[in-house]
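What TrEMBL records for 1-22 is signal peptide. Look at TrEMBL and you will find G109, W110, T111, G112, G113, G114, K115, N116 tagged as ATP binding site. As annotated by TrEMBL, domain 'Torsin-1A C-terminal' applies to 278-333.
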Amino acid sequence: MIMSSYIKLFFVLNIFLTVSLAIEPITTGLAVGVGVTASALLAGFNHFKCNVVECCDNNWFIPNITGLRTSLQDKLHGQHLVVDTVAKAVKGHIRNKNPSKALVLSFHGWTGGGKNFVSKMIAENLFVKGMMSRHVHLFVATLHFPHKDRVETYKDQLREWIKGNTSDCPHSIFVFDEMDKLPEGLLDAVKPYIDHYTEINGVDYRKTIFILLSNTAGNTITQRTYQHWQEGRKREDISLKEMDDLILKGSFNEKGGLWHSSLIEKNLIDVFIPFLPLERQHVKLCIRDDLRAKGHTVTEDVVTKVADELQYFPDREQLYSKSGCKRVSQKVDLIMEEVSQTVEEIMR
Ligand SMILES: *[C@@H]1O[C@H](CO)[C@@H](O)[C@H](O)[C@H]1NC(C)=O
Ligand SMILES: *[C@@H]1O[C@H](CO)[C@@H](O)[C@H](O)[C@H]1NC(C)=O
């Protein structure tokens, strides 16, 4: 790839030199030739550069909607309301050559339900480098915007970042983690970039994706899911509609980043996506995935051992994992360490 770029570049250079020398009035001919050669050189260099370092071109931005759907179906457990909604929303936005506004997805639910995991899947199926891409930006409230009284400074900073990054790459993804800990009003700074403007000072923001992650409404989502269970109804019968209403109420009333935010008032959030609390059976699927990914043999015995390491609620029924699938990887390491020690002792 690199070698062929060099050859192409050399070839282009040669042609232009030959052409410019052949043109009669030597001075103007040479001037034009040099100009053209310089721009060809630059184009060649950019092409060469983008083979090596990440650019915003189709070497690095390769949307794979089928891949996204497959990943969601295979790796995200117990979230029937997420798979279809996310795949459809992202597909619609990417396929549309002329979207009317940025895509805004708002993920809600308790820790460990898969909010970060799904953000990662989206990034990985759009950009070759996934979360490590220069065009995927993760903002963590407590890390990037810790002081409530500095909200005005943060607003300026955020505007500059979004402007700079979107100028660099119109497909930029912005992920805001811990939305409920974001200083109130900060997100209003983002509103113009999300709204239906064709461009702002020459930059078009409509191809960007914003993903907002929050625990907001997590409690009500959990309660409603539990209620379904108590009434003997299937978890899969929980509808997006009933959860949407809960989330909307929660987002508007619970303090935090979305509280009274103009994003909600102006209906700028495209979809609210509920992440339900995970049952023990779902956690077990996460455990299996983790064991497999680490190259261990999956046995029911080990899976149960790991599942037993986690805590469940409500106290009486022990239905839902308190930390979802979040601490699974760490617990797998712990149990596998114990297992290998026991094996060593037996062998001795
Ligand atoms: C898209 O993802 C699927 C499933 O992960 C994979 O099999 C396929 O090769 C990918 N397509 C491209 C063009 O990378
Ligand atoms: C892009 O955003 C990052 C924060 O994720 C920031 O550090 C960087 O300066 C921004 N780039 C531009 C060109 O504004």
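Cβ coordinates are placed from backbone N, Cα and C, and glycine is handled just like the others.
Keep in mind that what you see is a predicted model, and the values were worked out from it rather than measured.
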Within 10 Å of the Cβ of G114 (ATP binding site), how many other Cβ atoms can you find? Include all protein chains, please. 27
Report the residues of the chain - excluding G109, W110, T111, G112, G113, G114, K115, N116 - with C-beta within 8 Å of the mean position of the site's C-beta atoms, for the recorded ATP site, in sequence order. F107, F117, F275, G324, K326
Enter the number of other CB atoms within 10 angstroms of the CB of N116 (ATP binding site). 18
Pull the DSSP breakdown for the domain 'Torsin-1A C-terminal' (278-333) and write it out as helix, strand, coil residue counts. 30 helix, 5 strand, 21 coil
Taking all protein chains shown into account, the Cβ-based neighbour count within 10 Å for G112 (ATP binding site) is 23
Among all protein chains shown, how many Cβ atoms are found within 10 Å of the Cβ of T111 (ATP binding site), not counting that one? 18
Return the residues near G109 (ATP binding site) by Cβ distance under 8 Å, restricted to its own chain and a separation of at least 6 in sequence. K115, N215, A217, G218, I221, T222, P274, F275, L276, P277
Suppose we draw a 10 Å sphere around the Cβ of W110 (ATP binding site). How many other Cβ atoms does it contain, all chains included? 22
Here are some binding-site residues: G113, K115. Which one has the most Cβ atoms within 10 Å of its Cβ? G113
